[in-house]
């Protein structure tokens with residue numbers, strides 16, 4: 001074990017693994033590569049800005065401090081960090097890669113794995129929370145905070161463990177024949193483990209939302225039709241984008257596990273598949289947040305304040321800044337899908353109908 005960790009600072013180890021797994025080493029910064037890197041950096045900056053606006057909206061408005069919106073904030077935080085990690089990954093790629101030590105390489109790849117995993121686990125946590133809240137057919141009880149903190153904490157803890165396994169020892173240093181082609185210092189069995197876990201998460205999310213649909217459909221069917229349709233529409237978009245964004249990356253990693261070294265040339269283009277999966281972090285706020293009219297207005301508020309004269313006119317029309325905060329009524333499809341009725345009496349006194 002001591003000899004394994006002694007290789008972590010060896011400046012020649014990364015090049016040794018890349019020479020073994022790659023047919024050619026792309027160390028020259030060609031124009032096309034520079035354009036692709038610039039595009040990825042711009043995309044990730046958009047991810048950071050978009051999710052930062054969501055976090056600001058959730059943090060500044062106490063009306064968004066309910067459990068569901070805090071989960072959305074956690075998702076935005078993980079996606080924001082994913083964008084930052086992918087920027088670092090892009091800037092440390094190419095010719096810089098071969099100058100890294102193994103510990104630096106593990107930190108580069110591990111940070112991206114941790115943040116992207118946290119984003120996926122956040123989606124699972126949201127699905128679990130929705131299932132628990134709706135399946136019980138009641139408003140949040142006294143255990144709300146405890147359950148929320150457990151889900152958020154567990155998602156980050158599992159992500160840290162999953163992304164940190166290679167630097168803790170589950171790698172292929174000293175065993176070149178066991179190395180991944182896509183990630184030359186990662187063991188193929190670790191890659192298979194990650195793909196398996198992500199696939200199970202996808203199936204779990206699908207199963208949970210199917211269960212939610214069944215519960216909604218069987219409860220108050222005569223009045224819940226609009227809520228059912230809104231929920232199904234949102235869930236369909238979420239699952240569809242998740243599958244579209246992640247399926248290519250899952251497929252390339254499965255192919256990496258199955259293919260012997262140098263036998264699958266498409267593996268040398270894997271970075272395009274991972275870049276495409278990052279779109280999920282860009283689209284998550286669009287799916288979960290922008291279908292909420294009230295949260296959309298709050299997210300756009302900082303941008304509107306930057307326009308000349310908007311802040312003064314807004315204060316004249318709306319009075320004090322505190323009065324600008326909109327009530328969380330069921331005014332959009334996301335609200336209608338999240339705030340489910342518990343009884344006919346609840347429906348009569350709520351804006352759902």
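Cβ atoms are placed via backbone N, Cα and C, with glycine included.
So that you can see what the record holds, here are the features copied from TrEMBL:
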DISULFID  172-179  disulfide bond
DISULFID  259-264  disulfide bond
DOMAIN    50-288  domain 'G-protein coupled receptors family 1 profile'
TRANSMEM  35-58  transmembrane segment
TRANSMEM  70-92  transmembrane segment
TRANSMEM  112-128  transmembrane segment
TRANSMEM  149-169  transmembrane segment
TRANSMEM  189-210  transmembrane segment
TRANSMEM  230-250  transmembrane segment
TRANSMEM  270-290  transmembrane segment
Contact call for the transmembrane segment (70-92) and the transmembrane segment (189-210): at least 3 Cβ pairs under 8 Å, seq gap 6+: no
Determine which residues of the chain contact the transmembrane segment (270-290) at the Cβ level, with the cut-off under 8 Å and only residues 6 or more beyond its ends counted. 40, 43-44, 46-47, 50-51, 54, 72, 75-76, 79, 82-83, 86, 93, 116, 119, 123, 126, 182, 234, 237-238, 241-242, 245-246, 248-249, 251-252, 256, 296, 299, 334
In whole Å, note down how far the CA of residue 259 (disulfide bond) lies from the CA of residue 172 (disulfide bond). 16
Within the same chain, the residues at least 6 apart in sequence whose Cβ is under 8 angstroms from that of residue 264 (disulfide bond) are 181, 255, 256
Quick note, residue 179 (disulfide bond) and residue 259 (disulfide bond): C-alpha atoms separated, nearest Å, by 11
Name, in the order they occur in the sequence, the residues of the same chain whose CB lies under 8 A from the CB of residue 259 (disulfide bond) and which sit 6 or more residues away. 181, 267
Would you report the average pLDDT that the model assigns to the domain 'G-protein coupled receptors family 1 profile' (50-288)? 83
Tell me, how many other CB atoms lie within 10 A of the CB of residue 172 (disulfide bond), whichever protein chain they belong to? 22
Here the 10 Å Cβ neighbour count for residue 179 (disulfide bond) comes out at 22
